[in-house]
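*Asks:* Below is a structure I'd like to ask you about.
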Amino acid sequence: MASSKISTCLIFLQLIFLLFVFNSANAQLKVGFYKDTCPQAEAIVKKVMDQVMKVAPSLSGPLLRMHFHDCFVRGCDGSVLLNSSTGQAEKDSLPNLSLRGYQVIDRVKTALEKECPGVVSCADALAIVARDVTVATMGPFWEVETGRRDGRVSNFSEPLTNLPPFFANISQLISMFRSKGLSVKDLVVLSGGHTIGTSHCSSFTSRLYNSTGKDGTDPTLDSEYIAKLKSKCKVGDQTTLVEMDPGSVRTFDNSYYTLVAKRRGLFQSDAALLDNSETKAYVKLQSAATYRSTFFKDFGVSMRNMGRVGVLTGNAGEIRKVCSKIN
């Protein structure tokens with residue numbers, strides 16, 4: 001009898017253990033993931049970012065873009081933050097060479113580690129920072145789902161095939177977003193992130209000097225805008241920075257869509273939004289809307305959608321102590 005009771009007890013304990021493992025491996029992101037383990041996590045990030053934005057507001061665009069670049073390669077796992085002694089990490093790849101603000105993420109992580117050692121992932125820190133820089137530029141607030149863990153792999157070649165290039169056409173863009181589980185609406189909404197930040201001339205000068213229109217210009221680009229861009233960017237210019245949303249570079253608003261509707265989107269991938277009925281309709285809707293319109297709400301929803309791409313949760317990955325290197 002005693003033996004039977006012991007066997008039953010052992011089976012019960014095994015079931016409890018297996019259930020725990022299963023739930024841990026299949027844990028989901030949620031708002032307030034650190035409520036018990038690091039309740040001040042988001043407040044800590046905000047405090048650091050308030051300090052950073054006061055002295056370096058130009059980092060808002062790059063830090064928002066960094067989260068995007070992270071999520072589209074291996075999912076939102078902080079792999080874009082990893083260093084490589086041989087220059088073979090994601091951050092060393094051509095599409096990521098223009099990213100800036102890694103030191104800001106390091107600063108955020110240091111503050112989090114001081115308060116809650118080994119608790120908050122670098123991937124989550126990056127997601128919260130992306131929200132906070134959007135708010136700091138008068139953009140929308142959204143509740144950030146947390147619970148991501150950090151990946152241990154960062155590959156030089158993967159950004160080349162996973163990040164939508166600035167010269168992509170609409171079919172390529174839709175295909176690349178769908179491959180990440182994101183919709184056509186997510187594509188056109190997240191493109192609105194170009195309302196803040198700058199770009200090097202080299203990302204779009206082919207539209208000014210080496211295209212199919214008159215004098216090598218892109219016929220889909222407004223002629224007056226071409227003249228303005230040519231005055232700033234000469235052939236072969238690799239260093240000059242140009243505002244993606246002129247006059248509104250540090251204000252998160254819906255003016256990006258007004259520019260695209262007027263054929264003044266800086267990149268070919270911006271202009272491509274007019275080549276699909278759904279994306280074009282959204283551009284027209286927002287370009288005609290009053291300030292903020294539905295774009296702010298839509299952006300928060302699409303950022304949450306993107307933030308779920310390929311995440312590591314439960315027992316997968318790790319919680320890095322330093323974001324630039326695996327434990």
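Including glycine, each Cβ sits where the backbone N, Cα and C put it.
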*Asks:* Pick out which of Cys9, Cys323 TrEMBL lists as the disulfide partner of Cys122.
*Replies:* Cys323
*Asks:* From the disulfide entries in TrEMBL, identify which of Cys116, Cys233 pairs with Cys201.
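*Replies:* According to the record, the bonded cysteine is Cys233.
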*Asks:* Nearest to Asp245 (Ca(2+) 2 binding site) in three-dimensional space, by Cα, is which of the recorded positions Cys71, His194, Cys201, Cys233, Cys323?
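*Replies:* Nearest in space to Asp245 (Ca(2+) 2 binding site), counting only the recorded positions, is His194.
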*Asks:* What whole-number Å value do you get for the CA-CA distance of His194 (heme b binding site) and Arg65 (site 'Transition state stabilizer')?
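*Replies:* Arg65 (site 'Transition state stabilizer') has its Cα 9 Å from the Cα of His194 (heme b binding site).
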*Asks:* List, in sequence order, the residues of the same chain other than Thr195, Asp245, Asp253 whose Cβ lies within 8 Å of the centroid of the Cβ atoms of the recorded Ca(2+) 2 site.
*Replies:* Gly192, His194, Ile196, Ser248, Val249, Thr251, Phe252, Asn254, Ser255, Tyr256
*Asks:* Out of His69, Cys71, Cys116, Cys122, Pro164, which of these recorded positions is nearest Glu90 (Ca(2+) 1 binding site) by C-alpha distance?
*Replies:* His69
*Asks:* List the residues of the same chain that sit at least 6 positions away from Cys38 (disulfide bond) in sequence and have their Cβ under 8 Å from its Cβ, in sequence order, or write 'none'.
*Replies:* Leu112, Glu115, Cys116, Val119, Val120
*Asks:* I need the least crowded one of these binding-site residues (Gly75, Pro164), counting other C-beta atoms within 10 angstroms of each C-beta.
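*Replies:* Comparing Cβ neighbours within 10 Å for the binding-site residues Gly75, Pro164, Gly75 has the fewest.
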